[in-house]
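Input: a single structure, listed below in structure tokens.
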Amino acid sequence: MQNPFVPQLVYIEPRALEYPLGQELQDKFENMGIEIRETTSHNQVRNIPGKNHLQQYRNAKSTLVIGVRKTLKFDSSKPSAEYAIPFATGCMGHCHYCYLQTTMGSKPYIRTYVNVEEILDQADKYMKERAPEFTRFEASCTSDIVGIDHLTHTLKRAIEHFGQSDLGKLRFVTKFHHVDHLLDAKHNGKTRFRFSINADYVIKNFEPGTSPLDKRIEAAVKVAKAGYPLGFIVAPIYIHEGWEEGYRHLFEKLDAALPQDVRHDITFELIQHRFTKPAKRVIEKNYPKTKLELDEEKRRYKWGRYGIGKYIYQKDEEHALREALESYIDTFFPNAKIEYFT
């Protein structure tokens, strides 16, 4: 995806128009000539066009729903943060392996919430509860928030809010390069801006509808030069023919692009490919021609939260992946911090 996301269809909850952002977005999309429909609830969007499941799925991915977030209880977001902060749900990307395939289920449309101040007030309450500890908030658990922020500027508002806080830190990750409007945000070093990166094979075969790797790396350089703490998530680390060379090439590219003066505070998060049985069913339905390897027989089973287990690589494969990636990071980014491998 080279151009910033523009929805083909917009739904608005009437209550959203009681908030300035809701009104602003309605005006914006009217001026752009985009069809706007009313929906009673952002959870009950019906009549998305399409003759069959695949058409409806693809159309849903280019549909934006403007709503009010009613649930202000934040979920946990370990290991990346204490809490997930819910500014948006859903994503315009088509990553075959994404866990949102199952958590979003029958609602793959993108939702943005306009009661931003209420969400930030709730974050402040969580910070007070945990004082004097720092509290980290993850803004990309259920969406790629950067992908829609050129339209909403919600993320920019949040970055500046956390920039003024004493005990709050914001984090998010993106596969999009449309970051220019965020470069002048007053972040005060309180927001870690992370990019999802991967071997060429994975991006080419499993990440349609996202920015190319070179564009992500270019954006990462801009972000680092704007003074943001920078991070990279390598996920999913995926075994494929020539994977050792593929991942080495990724780190060589990153090393060639990142200036030395922005390397003093870089983090890496490493996540091996995993899938659940329900995810496999949904992935094969939504992307019937995918090359993604989803063979339970080749994997080992690991129990997860809520009793839903996942299939991950065998111990020897996991060890090889971890050893290879950690050695590349050690070679090219010896001062970086590896936050976790999972």
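From the backbone N, Cα and C atoms, a Cβ is placed for every residue, glycine too.
For reference, Swiss-Prot has these:
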DNA_BIND  218-235  DNA-binding region
BINDING   Cys91, Cys95, Cys98  [4Fe-4S] cluster binding site
DOMAIN    77-305  domain 'Radical SAM core'
Inset, instruction - Show, in sequence order, which residues other than Cys91, Cys95, Cys98 on the same chain lie with their Cβ within 8 Å of the centre of the Cβ atoms of the [4Fe-4S] cluster site. - result: Gly93, His94, Tyr97, Leu100, Gln101, Asp144, Lys175, Glu207
Inset, instruction - Enter the number of other CB atoms within 10 angstroms of the CB of Cys91 ([4Fe-4S] cluster binding site). - result: 26
Legend entry - Neighbour-count leader, CB within 10 A, binding-site residues: Cys95, Cys98: Cys95
Inset, instruction - Restricting to the domain 'Radical SAM core' (77-305), report the mean pLDDT as a whole number. - result: 96
Legend entry - Helix, strand and coil counts within the DNA-binding region (218-235) (DSSP): 8 helix, 6 strand, 4 coil
